[in-house]
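Positions annotated as active site, proton donor/acceptor by Swiss-Prot: GLU138. Residues or ranges marked as dCTP binding site in Swiss-Prot (evidence: sequence analysis): LYS112, SER113, THR114, TYR115, ALA116, ARG117, THR136, LEU137, GLU138, GLN157, TYR171, GLN181.
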Amino acid sequence: MAIKSDRWIREMSEKHGMIEPYAENQVRFNAQGEKLISYGVSSYGYDVRCAPEFKVFTNVHSAIVDPKNFDEKSFIDIHSDVCIIPPNSFALARTVEYFRIPRNVLTVCLGKSTYARCGIIVNVTPLEPEWEGHVTLEFSNTTNLPARIYAGEGVAQMLFFESDEVCETSYKDRGGKYQGQTGVTLPKA
């Protein structure tokens, strides 16, 4: 299994729609010249942006977190360019980018160091072969202070690994429950 370069990422995105929308360079400034947390293609990965759509965890209803029976009332919906995550809590969001993963590729997501160095951890499970959709992002605020997440700016990096052989059964073949997801998607048992 080999990690794929910027050339491969560019070709797959431009010719096959692997990443839409696709930024062919590292974007570091907005149209007004203000500094951003970078996004776009890098040497061996793609830095994704967070959409302005968040679900922030709250325990106002004294719910129990149960992945088999998740209570949607545990979240407050926020639509904003900035999301404040309470101390020792978390939020869900989604990428701006829509992904279509090739059958012979596994994609792994890592958080950006800009957030990690502030105690904000991004968690995403691997994007499996032939999975497609907006990626649901989980941000954990590990600090005792409120933490800020910026929509429209880089939050995590996707790494693409191409296998030497094509898998027998892809995520699409299995009818994966998160196939084609749009928006912030809550757990499904």
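Backbone N, Cα and C atoms are what each Cβ position is placed from, and that goes for glycine too.
Shown on the structure are the features that Swiss-Prot records.
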{"residue": "LYS112", "record": "dCTP binding site", "Cβ within 10 Å": "19"}
{"residue": "THR114", "record": "dCTP binding site", "Cβ within 10 Å": "14"}
{"residue": "ALA116", "record": "dCTP binding site", "Cβ within 10 Å": "13"}
{"residue": "THR136", "record": "dCTP binding site", "Cβ within 10 Å": "19"}
{"residue": "GLU138", "record": "active site, proton donor/acceptor", "Cβ within 10 Å": "16"}
{"residue": "TYR171", "record": "dCTP binding site", "Cβ within 10 Å": "20"}
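Among LYS112, SER113, THR114, TYR115, ALA116, ARG117, THR136, LEU137, GLU138, GLN157, TYR171, GLN181, the residues given in the record as binding dCTP, the maximal Cα to Cα distance rounds to 33 Å. Distance noted between the C-alpha atoms of TYR171 (dCTP binding site) and GLU138 (active site, proton donor/acceptor) is 21 Å.
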